[in-house]
Amino acid sequence: MRRRSRMLLCFALLWVLGIAYYMYSGGGSALAAGGGGAGRKGDWNDIDSIKKKDLHHSRGDEKAQGVETLPPGKVRWPDFNQEAYVGGTMVRSGQDPYARNKFNQVESDKLHMDRGIPDTRHDQCQRKQWRVDLPATSVVITFHNEARSALLRTVVSVLKRSPPHLIKEIILVDDYSNDPEDGALLGKIEKVRVLRNDRREGLMRSRVRGADAAQAKVLTFLDSHCECNERWLEPLLERVAEDRTRVVSPIIDVINMDNFQYVGASADLKGGFDWNLVFKWDYMTPEQRRSRQGNPVAPIKTPMIAGGLFVMDKLYFEELGKYDMMMDVWGGENLEISFRVWQCGGSLEIIPCSRVGHVFRKQHPYTFPGGSGTVFARNTRRAAEVWMDEYKHFYYAAVPSARNVPYGNIQSRLELRKKLGCKPFKWYLDNVYPELRVPDHQDIAFGALQQGTNCLDTLGHFADGVVGIYECHNAGGNQEWALTKEKSVKHMDLCLTVVDRSPGSLIRLQGCRENDSRQKWEQIEGNSKLRHVGSNLCLDSRTAKSGGLSVEVCGPALSQQWKFSLNLQQ
């Protein structure tokens, strides 16, 4: 009995020693790590998830499997002193919190650098697994006088919500900010490199400098006031890894400029533009939405990207001509690169399983040499002259003042287009953006018929219905009209019709008929009014709230001021 007790005691002692050895040698690391309370869902810097390690760390990659040794002078992002970095630039009492950045800096400065944000992805994305052999990326972020708190959150969100082995580096390109330490101090953070321009270069040239310095095979461009969401990077890298000619963008969520609330954006949007070449968001057509019901997280082909956030193969970026280096400051570059990618054999996609928040401002916080309008027109003219062929005339019809803005030498870009064997703009319209209505050869004015911030609208009415005004939405549809050479004001096959030729009578929508005098209109007074030919009365909105638009005796009233967004007769 005594011998049996000794044996049991020995076995128990060996068992305890075995457990201790197992824990000490790392076999219990998952358990040990789980006891800390600092871990957060989706934080790739945690080590309490063996599943994540198995899925996302390449076999044999010892650095990815363990903790890397930092170079001298570097710190991990959780150890970076946010208070010291942000504190000296905070808005003082009595100062305008919007003055420096055109967003509420006070609210931005209150937030922690790794604040939690809602996971806005579709449920299917949260269950999806991504390839384990994805390439690493260099993240290029350019900035000029950015609020330190916003810039820091951008950097931290990249490091916190990305698999460490997929972030080769973060390259901050300081475009000659007033305070060099805005970027220099962030250079202490792991994986962050800082480049500073010795003069103001603008977004395009700064991004090219960052791309040229990048060491990874894939480039990720981000604006300097973003917050990356959970698992944002893998879906983008996977699409590029499958086809290097894809240029991919996340769904861009909204960070409110006033209170910095993070709000998920619709997944039913694509990038587009009007003939003024200003970027806009287009809703998918009903047919496109129906076709996605079986797979709502499938990539979305988009005619245009917003330009601030996208991922692209580095070698393809170089082969395709990088950016137009003669574009200045900001604006038009997304238009130019979108045309170039599509027309030269690539594609643009929005990836629903990738979400990145962005602070959308109503105006720019920095100055433009010559004014923002002139810079945008110059950049846009360069894109139009190189890529739009004969369709550029619709741009000049929409923005007549652009004709007077010098756009510089474009010979090298034209030669690039020829060298790459790019398709004509008509191909782009037919195959990539068929939703963009092209004016008919019979049209002398086209697009929205604007009165201040309101536009002429069918209000969903059909034949014999009245028309009204509604806030301009720039989406065509019920607000798309054309004035033809036959003097008809048309919406599809319906025309504005004066049934009763007396002042105050309501306008009706009726089927267009050739030579019907009730449907004849002309622009007068510098194309600022529409006069009915048969009655000499003018289109008027004064009765819009009580029943619909009418014709009235022509006069100086603002209710008679109308302007087509695209006027082909100047």
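Glycine residues also receive a Cβ, built from the backbone N, Cα and C atoms like all the rest.
Among HIS112, HIS122, HIS144, HIS358, the residue that Swiss-Prot places alongside ASP223, HIS225 at the Mn(2+) binding site is HIS358. Looking at CYS472, CYS512, the record from Swiss-Prot puts CYS495 in a disulfide bond with CYS512. Of the listed cysteines (CYS344, CYS353, CYS472, CYS538), only CYS344 is recorded by Swiss-Prot as the disulfide partner of CYS422. A sphere of 10 angstroms centred on the C-beta of CYS495 (disulfide bond) encloses 25 other C-beta atoms. Taking only the Cα positions, the spacing between CYS344 (disulfide bond) and TRP330 (substrate binding site) is 23 angstrom. Each residue of the domain 'Ricin B-type lectin' (442-565) gets a DSSP state, and the totals for helix, strand and coil are 9 helix, 55 strand, 60 coil. Counting only same-chain residues at least 6 apart in sequence, those with a Cβ under 8 Å from the Cβ of CYS538 (disulfide bond) are LYS529, LEU530, ARG531, HIS532, VAL551, GLU552, VAL553, CYS554, GLY555, GLN560. Of all Cβ atoms in the protein chains displayed, 24 besides its own lie within 10 Å of the Cβ of CYS455 (disulfide bond). Annotation for CYS472 (disulfide bond): same-chain Cβ neighbours under 8 Å, separated by at least 6 residues, are ALA448, GLN450, THR453, ASN454, CYS455, GLN479. Rounded to a whole number, the C-alpha distance linking CYS353 (disulfide bond) with SER224 (substrate binding site) is 22 angstrom.
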